[in-house]
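Record features, source Swiss-Prot:
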type: BINDING; residues: H74, H226, D230; note: Zn(2+) binding site
type: ACT_SITE; residues: H253; note: active site, proton donor
Amino acid sequence: MGLEKTVKEKLSFEGVGIHTGEYSKLIIHPEKEGTGIRFFKNGVYIPARHEFVVHTNHSTDLGFKGQRIKTVEHILSVLHLLEITNVTIEVIGNEIPILDGSGWEFYEAIRKNILNQNREIDYFVVEEPIIVEDEGRLIKAEPSDTLEVTYEGEFKNFLGRQKFTFVEGNEEEIVLARTFCFDWEIEHIKKVGLGKGGSLKNTLVLGKDKVYNPEGLRYENEPVRHKVFDLIGDLYLLGSPVKGKFYSFRGGHSLNVKLVKELAKKQKLTRDLPHLPSVQAL
């Protein structure tokens, strides 16, 4: 298996948040073995765990003790892919910067600054098959010695039905895939107070028969690649790198988190949490 890992030095990222439209800054701090992944905002530590999820509509948000951080899935996905197990992610602002809409900038900076530690990783290993479903969407998890994630989408435009499978070792096949939306969704997203920082610089915008971004798609199946990337980020809310085989049909953050909670419950996940017994979401 592998050793726990942190970063060699502090790493900083900054930019606009896709939903708040506000400027924010992120500082990743090295931590010792056994610390885990945690966020830090205004004096409050928020463990990157499913118990602290407070919102899953168009993003995965965490909160604790009156502090909330939006859109954690991309940075968590990169940390998961690189098996970084011990860092504190300091957030100055209310949301993780969206950067170009993909995980590439996070991935490149962190990959070059990995520090192996002296403790073996305690992986979360899927022990038996489990399925979660909701209104025609489903995710299935099965045992596997590696992490394998398949996403199948059914889109109401020129994309049609697409499918992509990620296997360990092919991280660069998904970290460049950008977050996306459809032009008919934009009005609703804005109406509910989200997407304030979205633009063609950080979001792949698709119509019935066109791509609005002048550079076009990075891959013909870029949206399903990004969905795989998102799911890997949400899976890291189990608290450890995951070994299992996953298949998602039309899943999103809400179903991803539902799966995580079911896996944790079924396997009686009782790892120590760095907080007092009662966990209260915002």
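Using the three backbone atoms N, Cα and C, a Cβ is placed for every residue, glycine included.
Each residue contributes its Cα atom, and for D230 (Zn(2+) binding site) and the residue listed as 'active site, proton donor' these two points are 8 Å apart.
Other Cβ atoms within 10 Å of the Cβ of H253 (active site, proton donor), summed over all protein chains shown, number 21. Its own atom aside, the Cβ of H226 (Zn(2+) binding site) has 28 Cβ atoms within 10 angstroms in the protein chains shown. DSSP assigns H253 (active site, proton donor) to a helical segment in the three-state reduction. The separation of the residue listed as 'active site, proton donor' from H74 (Zn(2+) binding site), Cα to Cα, is 12 Å.
The Cβ neighbour count for H74 (Zn(2+) binding site), using a 10 Å radius over every protein chain in view, is 28. The Zn(2+) site, placed at the center of the C-beta atoms of H74, H226, D230, has further neighbours from the same chain whose C-beta lies within 8 angstroms: E73, S77, S102, G103, A177, T179, K227, F229, G233. Between the CA atoms of H226 (Zn(2+) binding site) and H253 (active site, proton donor) there is a gap of 12 Å, rounded to the nearest whole number. Its Cβ taken as reference, D230 (Zn(2+) binding site) is surrounded by 26 other Cβ atoms within 10 Å in the chains shown.
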